[in-house]
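As recorded in TrEMBL, the features of this protein are as follows:
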| type | residues | note |
| --- | --- | --- |
| COMPBIAS | 525-539 | compositional bias 'Polar residues' |
| DOMAIN | 139-242 | domain 'Ig-like' |
| DOMAIN | 244-330 | domain 'Ig-like' |
| DOMAIN | 344-424 | domain 'Ig-like' |
| DOMAIN | 431-510 | domain 'Ig-like' |
| REGION | 525-545 | region 'Disordered' |
| SIGNAL | 1-23 | signal peptide |
| TRANSMEM | 552-575 | transmembrane segment |
Amino acid sequence: MELSGLICAFLLAACCWCRRAAGVPGAAEQPEPELVEVEVGGTALLKCGPSHSQGNFSHVDWFSVHKEKPTLIFRVRQGQGHSESGEYQHRLSLQDKGTTLALTHITPHDERIFLCQGRRPGSQKHRIQLRVYKAPEEPSIQVNALGISVNSKEPEEVATCVGRNGYPLPQVIWYKNGRPLKEEKNRVHIQSSQIVESSGLYTLQSVLKAQLAKEDKDAQFYCELSYRLPSGNHMKESREVTVPVFYPAERVWLEVEPEGMLKEGDRVEIRCLADGNPPPHFSISKQNLSTREIEEEQTDDNGVLVLEPAQREHSGLYQCQGLDLETTASLLSDQQELLVNYVSDVRVSPAAPESQEGSSLTLTCEAESNEALEFQWLREKTGKVLEQGPVLRLHDLKREAGGSYRCVASVPSVPGLNRTRLVNVAIFGSPWMAVRERKMWVKENSLLNLSCEASGHPRPSIAWSIEGTASEQDQDPQSVLSTLNVLVTPELLETGAECVASNSLGRNTTIIILELDSNRTASLSTSTVSPHARANSTSTEKKLPEPESKGVVIVAVTVCVLVLAVLGAVLYFFYKKGKLPCGRSGKQEMERNTSI
């Protein structure tokens, strides 16, 4: 027994020695290879042994190990390097006095073990594990634009995430509203696949499938790619997307814009709404408040009824009906009253008021509304408020009281709701000229526009004393403006022009005097008459004689005053010198001198 045991132990030891001598893998436990990490496109520095090693590197062989098969790729002889033909022939070089082999333009295909061994007997082999990394591109995400129904019995596709050109294969994580999603039976399923590009880089595609509920209609989904680089762990996120979620409506209602009090003329929108997606097919009906009849209204494709402009006839009870085309279920909204406030056309009596000067006149304003009305009377040309209330009383009428008056009927409770009526008051009278006489400075042989304005009741007609092209324009029902286009001739300069306005109660004139512009002086030589005086006058005015120039009189008076002042000063001077006797003694002295 002891002999057989010794034999077995000897044979086992001999077998192990033979395996080591033959270099059979696994015959002896090998140390872990040195790890070198490089990004794609970079340079890997492969050191033949630890940095503290003092070995002789003048004769070294470098091998690339692929599928446990070493291939000689580089030789070092007496410190000089030489590449072997093959895939690494043009990418290898020596650095650090031959202790380091540099491999440039790293690709994913370079991820393997590299081995170096000295040529001297007993030299140790040194293995290096090269790890290659490449950050993937920003992930792109494509949402399911067709949408997902909440009635689906199994998970439906929500979105697809794609991460291109990464190495090694990145990890994908899906998020909903910022929280990571995990596989959940019959609820959440994540299906990922990858493609190896010719460059050796990976393209990852991940599809998220889920069962969604109505609460997910606004949920934000995105994907995240996690990957590693020599600098550490990193991640990239896609944009957030929202998938359409379809669910049946449970409630239908209507909205009216604008809110608050409505009035005739407003643009009103009646809109049907529902809490389903997609919304059901809508129809709107109106019940007349007085007849109780129900009518279906015409809406646009979105179920919106537009009333423009809104009228009082649009008032009534409105109701929306929603029909789900998938389930054929019908829902009704609550009825909502729409009230369009109005003011009827304003009426004034008498409709065409007219009166004599000195008499009185009463104007009455009427209108109807569904709300309380207020009335106001204004003078049209001034905007002045004359009366608060429907009745306007005018006493002791003057010619100036003729013209337009406006009645405003408004509803205080509805801002902006009002209507007005303009009425013209006519005061009987002969024509009233805006100007009785006017002087104009003109140039000979030039075209000239002469104008003449007259008012009165009945409306006057205007005639000119000279030939020309005349046109008329009504200023108001009792006033007319006539314009005459003429050529300035010597005859016209001599005669001037006369405008004659006449009606059944009389006639009146305006005289236009024409003078050449070259004869014009600095001061006007014709006295002027106020327009009001001329307008109220019906007699012919005489041209007044030209007065003397006031400037000449002032100059003469000033000269006289100065002469008297100088004369007084001279007399006073002689008096003080004694050469000018004054008083009784002076008189005697003068007589004495005379006798001598």
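Cβ coordinates come from backbone N, Cα and C, glycine included.
Caution: TrEMBL annotation is automatic and unverified by curators.
Averaged over the domain 'Ig-like' (344-424), the predicted model has a pLDDT of 94. With DSSP states grouped into helix (H, G, I), strand (E, B) and coil, the domain 'Ig-like' (344-424) comes out at 3 helix, 41 strand, 37 coil. Each residue of the domain 'Ig-like' (244-330) gets a DSSP state, and the totals for helix, strand and coil are 3 helix, 43 strand, 41 coil.
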